[in-house]
Amino acid sequence: MITTNKALFLDRDGIINIDRGYVSQKEDFEFQKGIFELLKHTKTLGYKLLLITNQSGINRGYYTLKDFEQLTEYLQESLLKELGFNLDGIYFCRHAPEENCACRKPKPSLILQAAKEHQICLERSFMIGDKESDMLAGLNAKVKNNLLLTQNPLKTPHSWIQCKNLKEMIDWIK
């Protein structure tokens, strides 16, 4: 398989939008400060934009698959209106942690599926997220560059870069 493309794998809640816990309605969805600039920067550099998100609220009964699909449609329409493009792919896990599925981050299967479908070279790509599970999913998939958005730096033996805001992430992505 030819893997010529590079990707920005990104988490949704906490990266694209402010994480208010189980966000499922557009009224509760607020874009994170700096996300438009980050997406525009990476798209200009030729990165595929691939959403990798755990959405256990579906199987926990907090919202329906249809709610998730409608919010995703709103997200895509908003990006198209604001930036002139939208995400290249959306990959999600609907399972709760106790279901012990194969797709929930920190397991790498969603990233690997997206990489296969979009011919992604993981060594030229980035995973960005706001939780340790996001970073571990990137590491487990062998994504070379992992950027963690955090106000409280973690002491970790892992090779991810910790950033205080999305603007700082832009500086790392070349």
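Note: Cβ is positioned from N, Cα and C throughout, glycine not excepted.
Positions annotated as active site, nucleophile by Swiss-Prot: Asp11. Asp11 (active site, nucleophile) falls outside any helix or strand according to DSSP and counts as coil.
Under DSSP, Lys131 (Mg(2+) binding site) is assigned to coil, being neither helix nor strand in the three-state scheme. When Cβ atoms from all protein chains are considered, those within 10 Å of Lys131 (Mg(2+) binding site) total 19, not counting its own. The annotation substrate binding site is assigned in Swiss-Prot to Asp11, Arg12, Asp13, Asp19, Arg20, Gly21, Tyr22, Thr53, Asn54, Gln55, Ser56, Arg104, Lys105, Lys131.
Close to Asp130 (Mg(2+) binding site) in the fold, though at least 6 residues off in sequence, lie Asp11, Asp13, Gly14, Ile15, Asp19, Leu148, Leu149, Thr150, each with a CB less than 8 Å from its CB. Summarising the annotation, Swiss-Prot assigns Mg(2+) binding site to Asp11, Asp13, Asp130, Lys131.
Residues annotated as active site, proton donor in Swiss-Prot: Asp13.
Secondary structure at Cys101 (Zn(2+) binding site), as computed by DSSP, is coil. Feature annotation from Swiss-Prot assigns Zn(2+) binding site to Cys93, His95, Cys101, Cys103; the stated evidence is similarity to another entry.
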Other than Cys93, His95, Cys101, Cys103, which residues of the same chain sit close to Zn(2+)? List them in sequence order, counting a residue when its Cβ is within 8 Å of the Cβ centroid of the site. Asn54, Arg94, Glu99, Ala102, Arg104, Lys107
Shortest C-alpha distance to Cys103 (Zn(2+) binding site) - which of the binding-site residues Tyr22, Asn54, Ser56, Lys131: Asn54
Recorded positions (Asp11, Asp13), the one with most neighbouring Cβ atoms at 10 Å: Asp11
Cα-nearest neighbour of Ser56 (substrate binding site) within the listed binding-site residues, His95, Cys101, Lys131: His95
Going by C-alpha distance, which of the binding-site residues Cys93, His95, Lys131 is nearest to Asn54 (substrate binding site)? Cys93
Under 8 Å Cβ-Cβ from Cys101 (Zn(2+) binding site), six or more apart in the same chain: what's there? Cys93, His95, Lys107
